[in-house]
Ligand code: SAH
């Protein structure tokens with residue numbers, strides 16, 4: 001019989017439905033779900049503690065395959081880029097170790113349809129949506145690559161793709177990430193980043209995860225030019241959606257990402273316009289130094305321009321941070337992609353620890 005059911009596609013409710021359809025008890029679903037995601041991720045047989053008949057049936061009809069690891073690259077600063085093979089396409093996942101946490105940057109689509117002018121993924125165009133299994137496997141397998149005792153503590157949807165254009169699969173993956181029987185990540189440590197797909201924002205808000213919005217420009221004229229999605233959902237609709245997101249969620253705030261492009265969006269006038277735009281919104285701004293890639297028309301803003309921009313925002317009462325750029329010697333920074341990777345390939349296809357503790 002064909003192994004038609006990939007169990008990695010199921011959040012816990014979907015898993016319970018599946019077991020019910022098979023005429024099995026619902027608690028078995030939780031048992032299998034825990035084995036798959038929560039317990040010993042190294043275990044190879046997740047059915048080991050089930051009754052023999054059920055075990056045989058599941059072994060014949062279901063699967064939970066790993067994504068083949070096509071390559072991995074470790075940057076001088078310890079950032080590790082994983083390239084997974086997803087049915088012939090390649091997606092990237094980045095592990096970012098820090099002293100007090102380990103963040104995973106996951107992809108939600110193969111390529112991206114939004115064509116933001118400063119983004120290499122956007123330049124490459126859209127191929128397809130990732131399934132829930134392909135999204136959650138990035139976390140499942142990254143955990144296995146870490147040294148024993150280490151786990152991913154934070155997830156950001158800032159790899160390839162626009163998560164809100166693949167919302168069904170992303171929502172299921174988010175549920176598995178924050179499920180206490182799954183990866184049990186605190187919801188505030190799971191961040192979904194969107195370029196501003198306004199109609200999908202309300203559905204995302206049904207989960208208590210953190211929201212980041214890629215703003216990058218304070219006026220429609222400029223945002224139209226660098227982010228084509230702005231022509232569909234201009235700033236007034238996007239900001240209204242942001243205000244709705246905050247409303248009724250006492251602890252919520254929004255992180256606005258703002259990539260610093262030399263001479264494009266980094267002037268003092270832009271900073272002042274940004275202060276006006278964000279007025280009354282519980283938020284912070286994260287300034288991102290532009291990560292350069294071949295054939296881009298843009299240059300990164302000089303450090304002085306970034307500092308000046310931050311100072312103007314802070315004086316205007318807007319909490320502002322500057323993102324540390326990491327992993328750029330292997331093109332692992334957001335918006336950069338494989339294809340012209342110069343770094344050494346470690347050739348570790350196995351599940352050995354990649355990163356130093
Ligand atoms: N589609 C989503 C998530 C993917 S990109 C979004 O747009 O939010 C994650 C972040 O990296 C976004 O803020 C994106 O605008 C930014 N980014 C894209 N290209 C970049 C580049 N070359 N340098 C720096 N940041 C970039």
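Backbone N, Cα and C define each Cβ position, glycine as well.
According to TrEMBL, the active site, proton acceptor annotation covers 92.
The feature domain 'Radical SAM core' is assigned by TrEMBL to 98-329.
Residues or ranges marked as [4Fe-4S] cluster binding site by TrEMBL: 112, 116, 119. The C-beta environment of residue 116 ([4Fe-4S] cluster binding site), restricted to residues of the same chain at least 6 apart in sequence and closer than 8 Å, consists of 122, 195, 214, 216, 226, 227, 228, 229.
What TrEMBL lists as S-adenosyl-L-methionine binding site is 161, 162, 193, 214, 215, 216, 291. There are 28 other CB atoms within 10 A of the CB of residue 215 (S-adenosyl-L-methionine binding site), with all protein chains counted. In the three-state DSSP classification, residue 215 (S-adenosyl-L-methionine binding site) falls within coil.
Annotation comment: TrEMBL describes 334 as active site, S-methylcysteine intermediate.
When pLDDT is averaged over the domain 'Radical SAM core' (98-329), the result is 96. Checking Cα-Cα distances from residue 119 ([4Fe-4S] cluster binding site) against the recorded positions (92, 162, 193, 291) with a 10 Å cut-off leaves 291, in sequence order. Among the binding-site residues 119, 162, 193, 214, 215, 291, the residues whose Cβ lies under 6 Å from any atom of ligand 1 are, in sequence order, 119, 162, 193, 214, 291. Residue 112 ([4Fe-4S] cluster binding site) sits 5 Å from residue 161 (S-adenosyl-L-methionine binding site), counting Cα to Cα. Cα of residue 215 (S-adenosyl-L-methionine binding site) to Cα of residue 92 (active site, proton acceptor): a distance of 23 Å. Cα to Cα, residue 193 (S-adenosyl-L-methionine binding site) and residue 92 (active site, proton acceptor) are separated by 16 Å. Residue 291 (S-adenosyl-L-methionine binding site) carries neither a helix nor a strand DSSP state and counts as coil.
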